[in-house]
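Undergrad: Take a look at this one; I'll ask things after.
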Amino acid sequence: MNNAIFPNKFKAALAAQQVQIGCWSALASPITTEVLGLAGFDWLVLDGEHAPNDVTTLIPQLMALKGSASAPVVRVPTNEPVIIKRMLDIGFYNFLIPFVETQEEAARAVASTRYPPEGIRGVSVSHRANMFGTVPDYFAQSNKNITIIVQIESQLGVDNVDAIAATEGVDGIFVGPSDLAAALGHLGNASHPDVQQTIQHIFARAKAHGKSCGILAPVEADARRYLEWGATFVAVGSDLGAFRASTQKLADTFKK
């Protein structure tokens, strides 16, 4: 057994409420993802919702992270079993599921990652995740080593946060601050007091159910505040944001 895969160290860290500092990968490039993997982050989101990623771009990025201590987390474009199955088969063990609003939707996400009888994952005997059939106990280990993080980013999701957090198999609750702000009537202003109060409420309810909570916070002051509020896995920036800021600074240094 490949000990870098099983047990799932990121899943264990969430269960232990250990602080995990991460980064967002949106450039869909194996080179930039490899650089992120060398930086020392605990986890990396490879974004399949808002970034131009699919199976063919994600496989090279997973290859680029081989040997990295950073746990790859895929954000799928939608909570759909076939999409999730394909991400499982190419080698993802950690999932961020966007726009979860009910306990039923959370349970469906969990079921999509589990083989029967615990779930509905389709069975392939040879794929990248089981090293093309060379991992003898893959089926026995897989169900126990998948991480499910559900994203709350709507008023309905906030209303159902207790039921969602209590769902068996859900490892963490993640706040989508931009969509949440829009849902609360503050498009483009995640710093609005209403949004901040709601974020703190989501964190508190997740913690009450023993679940880790996380968020994307590219502004340092925001990230530190969320950590103080009890967030345990925080993405503190993105490859796109870092690249844009550094190149703009470089240009400004010589052009202004």
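Just so it is clear, glycine is given a Cβ too, placed from its N, Cα and C backbone atoms.
Quick caveat, the model's predicted, so the values are computed rather than measured.
For reference, Swiss-Prot lists these features for the protein:
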{"type": "ACT_SITE", "residues": "HIS50", "note": "active site, proton acceptor"}
{"type": "SITE", "residues": "ARG75", "note": "site 'Transition state stabilizer'"}
{"type": "SITE", "residues": "ASP89", "note": "site 'Increases basicity of active site His'"}
{"type": "BINDING", "residues": "GLN151, SER178, ASP179", "note": "substrate binding site"}
{"type": "BINDING", "residues": "GLU153, ASP179", "note": "Mg(2+) binding site"}
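Can you tell me where each of these features sits in the structure?
TA: For HIS50 (active site, proton acceptor), the count of additional Cβ atoms within 10 Å of its Cβ stands at 12 [all protein chains shown].
In the three-state DSSP classification, ARG75 (site 'Transition state stabilizer') falls within a strand. Sequence-distant contacts of ARG75 (site 'Transition state stabilizer'), defined by Cβ-Cβ distance under 8 angstroms and a gap of at least six in the same chain, are VAL45, LEU46, ASP47, GLY48, GLU49, PHE95, LEU96, ILE97, PRO98, GLN151.
Annotation for ASP89 (site 'Increases basicity of active site His'): spatial neighbours SER124, HIS127, ARG128, ALA129, criterion Cβ-Cβ under 8 Å with sequence separation of six or more.
Counting Cβ atoms from all protein chains shown, ASP179 (substrate binding site) has 18 others lying within 10 Å of its own Cβ.
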Undergrad: Here are the binding-site residues: GLN151, SER178. Which has the lowest count of other Cβ atoms within 10 Å?
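TA: Fewest other Cβ atoms within 10 Å, among the binding-site residues GLN151, SER178, is found for SER178.
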Undergrad: Which residues, same chain and not among GLN151, SER178, ASP179, have a CB within 8 angstroms of the centroid of the CB atoms at the recorded substrate site?
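TA: Result: PRO98, PHE99, GLU153, VAL175, GLY176, PRO177, LEU180, ALA182.
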Undergrad: Are there residues of the same chain, six or more positions away from GLU153 (Mg(2+) binding site), whose CB falls under 8 angstroms from its CB, and which are they?
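TA: The answer is PRO98, PHE99, VAL175, GLY176, SER178, ASP179, LEU180, ALA183.
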Undergrad: Taking DSSP three-state, what's ASP89 (site 'Increases basicity of active site His') in: helix, strand or coil?
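TA: In three-state terms, ASP89 (site 'Increases basicity of active site His') counts as helix.
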